[in-house]
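Per TrEMBL, domain 'Malic enzyme N-terminal' is recorded for 68-250. Under the heading active site, proton donor, TrEMBL lists 91, 164. The feature divalent metal cation binding site is assigned by TrEMBL to 235, 236, 259. What TrEMBL records for 260-519 is domain 'Malic enzyme NAD-binding'. TrEMBL lists 407, 451 with the feature (S)-malate binding site.
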Ligand SMILES: NC(=O)c1ccc[n+]([C@@H]2O[C@H](COP(=O)([O-])OP(=O)(O)OC[C@H]3O[C@@H](n4cnc5c(N)ncnc54)[C@H](O)[C@@H]3O)[C@@H](O)[C@H]2O)c1
Ligand SMILES: O=C(O)C[C@H](O)C(=O)O
Ligand SMILES: [Mg+2]
């Protein structure tokens, strides 16, 4: 058997049957491909037809993953041409299924693995990529402690970094040759994985404390030293680490926590749209967050900051937020509250005569007492938003904003198909997962996807184009407003958020707003004369470079 030509194994350069005869000769591929020289469109049509032959989304995920590893341009062409259909396959919710199977189904690797047991290898692990200081725009890292709403998946969580990067490219044209996916393998507390013969990660419990902190510090300093222009995206860390890392390092490095900041901002977009319907201000809102972890408290932070901007004092804003977590309404007499919950804990005296079940003040009671204008679910507590909960929300206010945001599908607090009829069409709903429109009383209600995927790609692009030194609150707000500006939510049944179908255009608009905010906040290091053009030019397209007049580089077979 002869050796496989090297270029076939490089997904960034491989074009398979699209190599012309000249390219085949130049690359030593003569006679190594069937005669047909296909266009990218022809290849994409065949790949899509093959994809349609698979039944389950997980099979489609595996097929697309293999395509990703053979030919990146073709993969992104197929993904881009069918974005709304395929986003749920390469990303949430199917990526959650793939992660559960990851070690068992292990095929190949495109990530960098940093092990807590070998911190001395961090630098070498990046250096093996052979990339220079100007070659990297973006790194997505996860320690996989809280993957989506499915918990701790150790090294299996690698695919969340890969999935997020695929969305960055498909949605905002981040150049796929300039990104790195990283898994921080600090062990896992998932017993099932530890006992599984196929598990590929470190076989010990999660390391915490100083050694963990040292690995994070080493990661940040090494990545920034080697790739000084890269945006460092943090994904699916556990709640206390997520917040600690962001608080400690956001003024020092170019970091972004998607679950806190990206999710907070997409929720801001949903609320901005909702307030166009209720004709209220942020300062008038009463916010109830059910599931006060990384995402939920990130949202509370952004919404209370918006209350302050719209005229509330910090004390008034705080007094308009209620958190309900696993032990019921969060009050200041509870022991061991994490600091991110303490910030919003209600005075115990204020709720002394509220009804308690098993010592807890539950979600329904809190709604009845508080009459929230906004109810957010980030609890992973499936079906927690019962009919009684929805009815109580509607009894309190005319048009409640109800956002069941837990992912994946098996975790969502309620499905819009239930909330819309239960609220008689009054509730303003968006979800984290993609869902079909709901028909009710002769109206079709389109449900916006309040998933950070609608926001972070454009935010990342704007950060890269402006060379922002940090991701500021001003940039997050600009992104949220830019997303909301793309829809008119006021007709009955209209979505609160733009359609995923238009994600690429939407991301460009977001990027532009973010780049402007970066300059206004004084963190931009690049200020192109024509920002619109700079954003357009920065967006990578799924075409073979020769089509843009640039042939493939020389390479021995
Ligand atoms: N739509 C989006 O863009 C988006 C973004 C980030 C996270 N999320 C989803 O939000 C959920 C939470 O993610 P996270 O990263 O904040 O996780 P997390 O673990 O940090 O927070 C979850 C919180 O919910 C609480 N909780 C668990 N069970 C509960 C119950 N029965 N009742 C009340 N509270 C309960 C936990 O104590 C914890 O405080 C996940 O499902 C995730 O997929 C969605
Ligand atoms: O990944 C997603 O779909 C959104 C979010 O980051 C999550 O953790 O659920
Ligand atoms: Mg996440």
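Here the Cβ of each residue, glycine as well, is placed from N, Cα and C on the backbone.
Please treat TrEMBL annotations as automatic predictions, because they have not gone through curation.
Screening the recorded positions 164, 259, 407, 451 for a C-beta under 6 A from any atom of ligand 2 leaves 259, 407, 451. The two recorded residues, residue 451 ((S)-malate binding site) and residue 164 (active site, proton donor), show a Cα separation of 12 Å.
For ligand 1, none of the recorded positions lies close by, meaning a CB under 6 A from one of its atoms; the full candidate list was 91, 164, 235.
Between the C-alpha atoms of residue 407 ((S)-malate binding site) and residue 164 (active site, proton donor), the distance comes to 15 Å.
A Cβ distance below 6 Å to any atom of ligand 3 is met, among the recorded positions 91, 235, 236, 259, 407, 451, by 235, 236, 259. Of all the recorded positions listed here (91, 236, 259), 91 has the Cα closest to the Cα of residue 164 (active site, proton donor). The distance from the Cα of residue 235 (divalent metal cation binding site) to the Cα of residue 91 (active site, proton donor) comes to 13 Å. A sphere of 10 angstroms centred on the C-beta of residue 236 (divalent metal cation binding site) encloses 28 other C-beta atoms. If you take the Cα of residue 91 (active site, proton donor) and the Cα of residue 236 (divalent metal cation binding site), they are about 14 angstrom apart, rounded to a whole number.
Annotated divalent metal cation site 235, 236, 259; additional same-chain residues within 8 Å of its Cβ mean position, judged by their own Cβ, are 142, 146, 147, 160, 234, 237, 242, 257, 258, 294. Listed in sequence order, 146, 234, 235, 236, 237, 242, 294, 295, 298, 452 are the same-chain residues at least 6 apart in sequence whose CB falls under 8 Å from the CB of residue 259 (divalent metal cation binding site). Here the Cβ of residue 407 ((S)-malate binding site) has 23 other Cβ atoms within 10 Å, regardless of which shown protein chain they belong to. Neighbour density for residue 164 (active site, proton donor): within 10 A of its CB lie 28 other CB atoms from the protein chains shown.
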